[in-house]
Amino acid sequence: MTDKPQLYEQASQYRHWRFTRESLDKLRAANNERGIERVLRGLREEAHVDDDHSMLETRVSEATNNLLTPAEELELIDYYLQMIKVYAQSYRKNGLLKPEALDNVKATAINFMKRFYLHNVVFDYPPKSIMLTCFYLATKVENAFMKIDDFVRPLQAAETKRGSKVQTKNEDILELEFVVIQSLQFELAVHHPYRAAYGLYLEMQAYINDAALLKDVFDRSHHYIDLSLFTDLVFLYQPPQIALGAFKLAAREKDLDIDTYLTQRFDARLLEMLFTVLDDIQDTVSAFKNTSQKDAQVIDRKLILCRNPEKNPSSKLYKKKAAGQGDVPYVSDSDSD
Amino acid sequence: MDVPQAILGEEINKETESLYKKEKKLGEGTYAVVYLGHHIKTKRKVGIKKIKLGNMRSGLDMSAIREVKALRELRHPNVIELIDVFSHKTNLNLVLEFLDTDLENVIKDKSLVFMPADIKSWMMMALRGLDHCHRCWLLHRDLKPNNFLIASDGQLKLADFGLAREFGDVKRAMTSQTVTRWYRAPELLLGATNYTGSIDIWAMGCVFAELLLRVPYLSGESDLEQLTTIFKARGTPTEDDWPGLSKLPMGFKFEKHPRPAFAELFHGASDDALDLMNRMLTYNPVARITAAEALQHPYFRNSPRPTQPAKLPRPKQEYVAEEEGLDSDGARRKRHYNDAFGDDVFSDGKGDSAVAHREGSGHSRDQDAQPTAKRMDLRISSPA
């Protein structure tokens with residue numbers, strides 16, 4: 001083992017997107033607290049817009065009674081992270097997303113959204129719209145570009161089918177692109193455990209005799225990697241560590257001993273450290289639970305009452321500010337193709 | 001960990017923007033404006049490339065995404081440094097290290113005489129930068145003299161990553177319509193959609209030849225003509241030179257050209273230089289030398305030793321060169337956008353969307369550039 005820095009240490013993921021559980025909690029709590037201050041300030045400011053203070057007290061108390069905790073924010077975000085998985089499947093079915101691009105687009109979109117909410121709160125930007133922008137941006141970043149019209153068409157079709165009154169428009173997605181990319185600090189390259197898992201699979205073939213069972217375990221590890229994307233593991237550990245954790249879970253399920261491989265591959269001191277990491281990864285993935293639709297709806301309803309009007313396009317305050325700035329719309333409608 | 005003052009994405013963005021001051025416009029294309037600026041506290045000179053995205057139907061374009069994505073990850077003395085990025089309304093601003101000139105300007109300045117040690121120095125720096133990209137699993141896909149920028153201390157840096165992408169996943173098809181034609185590897189011209197760093201090495205081999213010849217080595221007029229140009233200069237490849245050649249997507253039958261004597265054209269070049277160039281311009285991409293191997297080639301160990309960067313020849317009219325360098329950067333950007341951006345180009349159905357169809361010459365350079373395969377005055381004189 002040398003002390004020479006690994007190439008991975010140059011990656012933005014390593015330099016800027018590594019946390020401890022404690023630092024994540026602290027960041028999210030501070031973010032939530034300041035977000036709440038902005039909500040209350042925004043409501044007061046809005047009352048000034050047409051000098052109508054009659055509703056202010058009601059609005060403030062409504063908001064105060066419905067404020068989301070950092071845990072609730074996370075639950076709501078988690079629900080929409082699940083939606084990315086669903087959308088990815090449907091784009092694959094309609095042929096807009098090639099099967100070989102699916103994993104990366106999905107994982108990158110999920111990662112973007114998780115990173116986004118380290119630098120934003122749901123009061124300002126509700127996850128439903130952020131999710132779509134993260135997804136669209138991920139298709140570009142992962143070399144699976146589709147035109148915005150193609151991206152939006154299936155969403156609109158689904159909305160029509162559901163009898164939904166609101167229709168997603170191109171602008172809904174594109175107008176948030178800068179908001180998202182600046183929150184990602186323009187760092188777009190994301191490393192996922194999928195490739196590392198494949199590398200591990202290749203290497204393990206030299207150590208494990210039962211090739212068929214090993215293949216089974218490798219295939220199954222994919223499922224656990226999928227699950228890991230929704231957790232905070234991506235901020236805590238490196239992709240190959242998560243891949244190995246997923247392998248261990250799959251191996252346990254399929255009754256294959258991969259510790260023989262690990263003991264031959266790593267020296268005892270390193271292995272001890274590695275096992276602590278792998279245990280945490282396995283526990284976290286096993287403990288992961290989706291937010292149910294019912295729970296998400298409850299939180300979503302609360303969120304309607306505690307949105308920050310400053311960032312809410314349908315609020316009086318937002319409209320006034322937008323009109324004042326005389327902003328040119330970002331997507332040109334005359335540009336037809 | 002203490003929670004920082006600025007948490008929100010927009011707060012951080014504003015903070016970044018406030019660090020820099022734009023001074024004057026250096027050049028403008030349809031899609032980008034380049035400014036000279038500086039970091040307010042340190043006074044460090046920077047180039048600020050403002051990409052205008054006002055009318056992009058599908059939002060942020062692939063070229064900007066590719067460039068930002070690649071440069072945010074790369075840190076190497078021979079790769080242009082992307083110091084910061086910030087957005088202002090709907091403009092994307094890339095804060096880049098300020099670089100005076102580029103290798104094309106150097107090559108074109110016929111008042112400059114290149115010593116073999118100078119060429120070795122440029123090649124070494126270029127290969128180091130490229131090796132770093134490839135080690136990070138990144139293809140540049142547009143290497144050519146004007147994408148090698150040169151700093152005031154003579155360091156050469158890879159720039160313009162608007163076509164860069166990661167490679168190595170055999171299941172993902174990549175476009176063969178990439179790299180400026182004169183530097184495009186034969187497998188790309190034959191339609192390969194799976195390739196590796198070897199396509200960048202081919203381009204590097206062409207640049208090596210151009211440093212010796214002082215004119216582009218393989219300047220075909222069209223894609224098809226480009227292959228013929230290559231075959232005339234290097235001999236038509238056989239199944240022996242390139243196993244599997246006949247299995248490439250576009251199986252044409254080409255006229256058989258004999259392989260001309262290499263040393264005859266590059267009569268001033270040393271044997272080790274010619275050997276390295278030969279290995280970089282090997283037909284079979286698998287057999288082509290890699291950047292890491294090239295750096296281990298005897299050429300770099302044999303005398304003369306590479307010139308120290310600060311002592312390399314550079315254009316005399318520094319100021320003009322600056323302006324031209326950045327201006328042509330703006331022009332390049334425009335071309336990228338025109339090509340990679342037309343939405344219809346994206347849907348080429350090849351999996352990889354940023355297609356760089358270069359219309360016309362395939363190069364921004366003057367059309368009176370000499371055709372290839374003539375004996376040239378090499379202008380490599382003996383030490384004065």
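Every residue, even glycine, has its Cβ placed from backbone N, Cα and C.
Per TrEMBL, domain 'Cyclin-like' is recorded for A:79-182, A:202-279. According to TrEMBL, the feature region 'Disordered' maps to A:310-337.
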Residue distribution over DSSP helix, strand and coil in the domain 'Cyclin-like' (A:79-182): 74 helix, 0 strand, 30 coil
Helix, strand and coil residues within the domain 'Cyclin-like' (A:202-279) as assigned by DSSP: 60 helix, 0 strand, 18 coil
Local confidence of the domain 'Cyclin-like' (A:79-182) - pLDDT mean: 94
